[in-house]
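According to Swiss-Prot:
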type	residues	note
SIGNAL	1-18	signal peptide
CARBOHYD	Asn75	N-linked glycosylation site
CARBOHYD	Asn96	N-linked glycosylation site
CARBOHYD	Asn153	N-linked glycosylation site
CARBOHYD	Asn258	N-linked glycosylation site
CARBOHYD	Asn383	N-linked glycosylation site
CARBOHYD	Asn453	N-linked glycosylation site
ACT_SITE	Ser563	active site, charge relay system
CARBOHYD	Asn610	N-linked glycosylation site
ACT_SITE	Asp646	active site, charge relay system
ACT_SITE	His678	active site, charge relay system
Amino acid sequence: MGALRWLSIAATASTALALNPEGLISAPRRSEAIPNPSGDVAVFSQSQYSFKTHKTTSQWNVLDLKSGDIKLLTNDSDVSEIVWLGSDDSTVLYVNGTNADIPGGVELWVSDISDFANGYKAASLPASFSGFKVVTTDSGDVRYVAYAESWANGTAYNEELVAKPLSSARIYDSIYVRHWDYYLTTRFNAVFSGTLKKSEGKGKATYKADGDLKNLVSPVKNAESPYPPFGGASDYDLSPDGKWVAFKSKAHDIPRANYTTAYIFLVPHDGSKTAVPINGPDSPGTPEGVKGDAGSPVFSPDSKKIAYWQMADESYEADHRTLYVYTVGSEETIPSLAADWDRSLDSVKWADDDNLIIGVEDAGRSRLFSIPADAGDDYKPKNFTDGGVVSAYYQLPDSTYLVTSTAIWTSWNVYIASPEKGVIKTLATANKIDPELKGLGPEIVDEFYYEGNWTKIQAFVIYPENFDKSKSYPLLYYIHGGPQSSWLDSWSTRWNPKVFADQGYVVVAPNPTGSSGFGDALQDAIQNQWGGYPYEDLVKGWEYVNENFDFIDTDNGVAAGASYGGFMINWIQGSDLGRKFKALVSHDGTFVADAKVSTEELWFMQHEFNGTFWDNRENYRRWDPSAPERILKFSTPMLIIHSDLDYRLPVSEGLSLFNILQERGVPSRFLNFPDENHWVQNKENSLVWHQQVLGWLNKYSGVEESNEDAVSLDDTVIPVVDYNP
């Protein structure tokens, strides 16, 4: 049996303010804190949406790394990126998102943070470039890389300069046809390189563009970097000496929709040679049997090595991520590090030429670990951070790290840590700064473990405003997507458990079979078990809550989930557990087994169900929420959300479910966004999403009556289409 890990403040009343949807969506959103070379200050961006003006404002701030004080650097909304330039503690290169000469282009400006408004233009770029990485060479010149969309001929794509075609037709001879939320074209993402020439003069040196941009990706047919939809600047790196660029691309020589295989390419910064993969099928150092996805290439400080991660399985997107270190120019087999460790890394950086720092998901958190660059496969890395989820980390001159993280109780937390001392000092945290998050703290979260179907399962517990253990609160059962994913101790603007809890629930968020960060065995066991082991874990979790927590009212409980969590809600609707809930919410869940073939990343379904749709159809139908015998059990009121741009799980899945619920006479509602994908990101749409989801749950759980401030379905001003007689 598990035990709830009580925190000292959790059982007492607090003066915390309820976190409501408007506060969540309109609270400031901040980027990682990027330190200057001396480690005195760091810069970060901040954006904030207003429901009064219906606009987003943005700014850049400076964080003092000694005092924690924050001051405004600029509120110019056209400044989209800032990077420190050279070893100077105050000179920065920034991206101006507009271009005075080229519509749709951007400009590079150089400025001093002590007089930011009086910088100068160093370069005019012909398209919308982003993800800048910069090094200063021995000559003083600046070399950089960035990415943009590219035409097939290698020139950068500029949407504002393109003539609209006369026909809207699209023609395909291979897959993908569409991916995530867009239809493929002949364009692709590419990494470009450029140089800023240093000129000495009176006062500070100045920099100006030198030569043309070089497309480093287009010479390799079918290569693309960063790889959409989630690729970004972590997909490539520039060596500290400015001579080399490493980038990730999906394998260019096999069907991209059927395999996860990716290569790390190496190319001179000047593009004088065509990029070659260091881990491709013909590369001399490729480890035997390693054919899966790869990523996060990063050069060592001496530019002689590249660290990266790679999976072995070419059809499993959540396979174990093993760390590798390649020596530039070597033909020896690329060695793996800590390959036997039962955790997958998310990110990697070099501490020095002999040691690395890796970010790793671990037991509901994302932590930092240190590891020697020559570690054997049996090495167990050492953790030096604890709670929350690390989103960025930068080494300071004293070998400590400036860490940016989030937690369930804060959207932004900046602190200093080191492998030797752990967390040393907290500099800033959003719940102490933002009125919208006032009163939030680690006391709002607990966790417990319970016996699942075959192993112990972890679950988070999130308490409502002014929680009182002597009272009773309806259960909100939270089911995550993936399925190889997990609920983390992290902030979310889409599925924030505290917003749900503050309506008047105790949120329980289990990490059942299939969840990541608890070892490969738990994660991998979901294969061909979508409605099996995880469902049984959830049943046992509900039973454990029902038997052990008097302050949780399971009689009036509700459940919600998205993506795989949406599938599970659909599965629960036709299962005995479905009768334990007063209402259900299914967001973008798969419903009809035979419709799985309409997804885009075919490797996913083929791995999850042990074969293709035509060779092993029974496995696809084994866990079919739309099976007739399951439909006959549907009775719990259900809200279905599905959007038109969701090409991962097409909108027809949600419509099919809604049709059946309506014909069966089950209270149901369909919420659709024509301009959203698998996620709801537009701020106004997000508000409607929260109003409808919370309003639906509150209506059937009784929270609407017990909490006068609870969200109601009537809060949404969008008219409801209803042709019932």
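Sequential numbering from 1, following the chain as shown.
Glycine residues also receive a Cβ, built from the backbone N, Cα and C atoms like all the rest.
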DSSP three-state assignment (helix, strand or coil) for Asn96 (N-linked glycosylation site): strand
When distances run from the Cα of Asp646 (active site, charge relay system) to each of the glycosylation sites Asn96, Asn258, Asn383, Asn610, the nearest one: Asn258
Residues satisfying Cβ distance under 8 Å from Asn453 (N-linked glycosylation site), sequence separation of at least 6: Thr513, Tyr533, Glu536, Asp537, Lys540
Protein Cβ atoms within 10 Å of Ser563 (active site, charge relay system), excluding its own: 23
Spatial separation of Asn610 (N-linked glycosylation site) from Asn258 (N-linked glycosylation site) - C-alpha basis, Å: 13
Rounded Cα-Cα span from Asn610 (N-linked glycosylation site) to His678 (active site, charge relay system), Å: 25
Assigned element (helix, strand, coil) containing Asn383 (N-linked glycosylation site), judged by DSSP: strand
Cα proximity to Asn153 (N-linked glycosylation site), best match among recorded positions Asn75, Asn96, Asn383, Ser563, Asn610: Asn96
Fewest Cβ neighbours within 10 Å, where candidates are the glycosylation sites Asn96, Asn153, Asn258, Asn383, Asn610: Asn153
